[in-house]
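Now, the feature entries from Swiss-Prot:
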SIGNAL    1-18  signal peptide
DISULFID  26-86  disulfide bond
DISULFID  33-80  disulfide bond
DISULFID  34-67  disulfide bond
CARBOHYD  35  N-linked glycosylation site
DISULFID  87-100  disulfide bond
CARBOHYD  89  N-linked glycosylation site
């Protein structure tokens with residue numbers, strides 16, 4: 001009886017450890033493939049912000065430039081040879097994406 005309880009605990013702990021979220025998952029926004037990323041204070045990005053009417057002072061996180069969505073990681077045709085990022089605001093038709101964080105798709 002004690003062996004069965006111990007075995008159940010070991011198996012349960014192993015399964016719990018194996019079900020953590022992968023680091024290639026985007027939990028807070030959309031998965032994007034951007035041609036470049038940078039700070040809002042970068043002169044080229046600041047020019048884009050001026051054209052789009054975005055206040056540079058309001059943006060503190062990484063910015064993605066010329067982005068397209070990545071729909072299914074690992075599916076054919078959905079690779080990202082540039083910078084894969086997870087962005088919280090991609091409402092500028094791919095020109096810029098705000099609140100981005102780099103992720104690793106090679107895991």
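Using N, Cα and C of the backbone, Cβ positions are placed for all residues, glycine too.
For the recorded positions 26, 67, 86, 87, 89, 100, a Cα to Cα distance of within 10 angstroms from residue 35 (N-linked glycosylation site) holds for 67. Residue 34 (disulfide bond) has its Cα within 10 Å of the Cα of these recorded positions: 80, taken from 26, 80, 89.
Shown in sequence order, 29, 30, 32, 64, 67, 97, 98, 99, 100, 101 are the residues of the chain, 6+ apart in sequence, with a C-beta less than 8 angstroms from the C-beta of residue 87 (disulfide bond). Around residue 89 (N-linked glycosylation site), the C-beta neighbours below 8 angstroms that are at least 6 residues distant in the chain are 29, 97, 98, 99.
The distance from the Cα of residue 26 (disulfide bond) to the Cα of residue 33 (disulfide bond) comes to 12 Å. Within its own chain, residue 33 (disulfide bond) has 67, 68, 69, 70, 80, 81, 82, 83, 84, 85 as residues 6 or more apart in sequence whose C-beta sits under 8 angstroms from its own. Mapped onto three states, the DSSP output places residue 80 (disulfide bond) in coil. The Cβ neighbour count for residue 100 (disulfide bond), using a 10 Å radius over every protein chain in view, is 27.
For residue 86 (disulfide bond), the same-chain residues that are 6 or more apart in sequence and have a Cβ closer than 8 Å to its Cβ are 26, 27, 28, 29, 30, 31, 32, 100, 101, 103. According to DSSP, residue 26 (disulfide bond) sits in a coil region rather than a helix or strand.
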